[in-house]
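Report on one structure; see the data block that follows.
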Amino acid sequence: MSKRDILSVLDMEKDLSEIIDLSIELKKNRYRSYESLRNKVLGLIFEKPSTRTRTSLEVAIDQLGGHAVYLNPSEMQLGRGETISDTGHVLSRFLDAIAYRAYDHRNVVELARSTSIPVINALDDVEHPLQIVADFMTIKEKKGRFTNLKFSYIGDGNNMANSLMLGAAILGTDMYVASPKGFEPKQEFVEKARSIAKQHGSSITITNDPVEAARDADVIYTDVWISMGEESKKGEKEKAFKDFQINEKLVSNAKRDYIFMHCLPAHRGLEVTDGVADSINSVIFDEAENRLHSEKGVLYKLLSY
C-alpha cells in the first residue's frame, strides 16, 4: 500500500467530509474499545510547544489500540546536526507514522520525502491541517451543514487562515477573511481556495473591514495576533490589529445564533474579550475536545490497513 502524507488540507481534498463524518461517529462511540491500530506506533516530533495537538494525538492513537512515542528534537541527533532526510529514513524502520510540528514547512516536506511511512503536519508556518478537521467537525455538529453558511475569520492572515480557506473551499462554505492591510493571507492560498470554491458554488472574500466580515455571520473565528516565533513583532501587530478584536460590539453584527471559534491558546484581552470567549455562543472548548476525535478519524484513515 502506498503511503499517504497529510502536509496540507489539500491532501484531504477528496475525503475531508468523509473523515469528518468518521470522526463524529468515533466520538459517538468514544467509550467503545477499539483495536483498529493495534501495534501501530506514532512518532511525535515537536519543535514548538503544544498542549492540544500533542495530548490529543497521544490519546487518540492509544484509544485506537496503538501508542505514541514523543521525540524531543533537542534530545535527538536531529538537534546535533543529523539531517532531516537521514532521520526520516531511520524512523521509517521503527514507526508507522510521524506527526511533525515544525517552524519551517520545508522541513515537513523534506521529512515526508525521506520516509516510507505517513507524515502528518502537526502545524508549521504555512498550515495547520489537523486543526481544520476539528474545526469543520465542530461546525457540522453545531450547524448541521457546511453550505449556506457565512463563515468569517477575523484576524491575522496566518497559517490558520490559509488552512481554513482551503477547508471552507473544499466543503462549499462561503468564507470571509478580514485582516488589516499588509496582514492578509498569502495570495497563493487565496487563489487556490477560490479556484476550489468555484467548483463547489461557494466563495472566498478578502476584506480589511471586520464589520463587513462579522455582519450576518453564522461562524466567527479568530486566532492569536502574534504567532509562535513572532514575539519581536508584538507591539507592531497589537497596534495594527486593535480594530480587529472579537468583542461584544463586533459580534453584535453577527446572527443571534452565531458560534464563536478559536483554535487556542487564546490571548484574552487581545484578539478576543472574556465576554465573547465565555459567552453562550462560544464553542471553543467543544472545538478543542474535537481535536481528539478528529485525529482519531485521521489516524484511522491513514493506518487501518
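Any Cβ shown, glycine's included, is placed from N, Cα and C.
If you check Swiss-Prot, you get these features:
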BINDING   Ser50, Thr51, Arg52, Thr53, Gln77, Arg101, His128, Pro129, Leu130, Gln131, Cys263, Leu264, Arg291  carbamoyl phosphate binding site
BINDING   Asn159, Asp223, Ser227, Met228  L-ornithine binding site
Determine the minimum-neighbour residue: among Ser50, Asn159, listed as binding-site residues, which Cβ has the fewest other Cβ atoms within 10 angstroms?
Ser50
Taking the residues the record says bind carbamoyl phosphate (Ser50, Thr51, Arg52, Thr53, Gln77, Arg101, His128, Pro129, Leu130, Gln131, Cys263, Leu264, Arg291), how far apart in Å are the two Cα atoms that sit farthest from each other?
32
Do you see any of the binding-site residues Ser50, Arg52, Cys263 whose C-alpha is within 10 Å of Asp223 (L-ornithine binding site), and which ones?
Cys263
Let me spell it out: for each of the binding-site residues (Arg52, Arg291), count the other Cβ atoms within 10 Å of that residue's Cβ, using every protein chain shown. Which one has the most?
Arg291
When neighbour density is defined as the number of other C-beta atoms within 10 angstroms of a residue's C-beta, which of the binding-site residues Met228, Cys263 has the lowest density?
Met228
Using a 10 Å radius around its CB, how many other CB atoms surround Leu130 (carbamoyl phosphate binding site)?
25
Whole-number Å value of the largest CA-CA distance among Asn159, Asp223, Ser227, Met228, listed as L-ornithine-binding:
12
Here are some binding-site residues: Gln77, Ser227. Which one has the most Cβ atoms within 10 Å of its Cβ?
Ser227
C-alpha spacing of Met228 (L-ornithine binding site) relative to Arg52 (carbamoyl phosphate binding site), in angstrom:
15
Considering only the binding-site residues Asn159, Ser227, Met228, which residue has the minimal Cα-Cα separation from His128 (carbamoyl phosphate binding site)?
Asn159
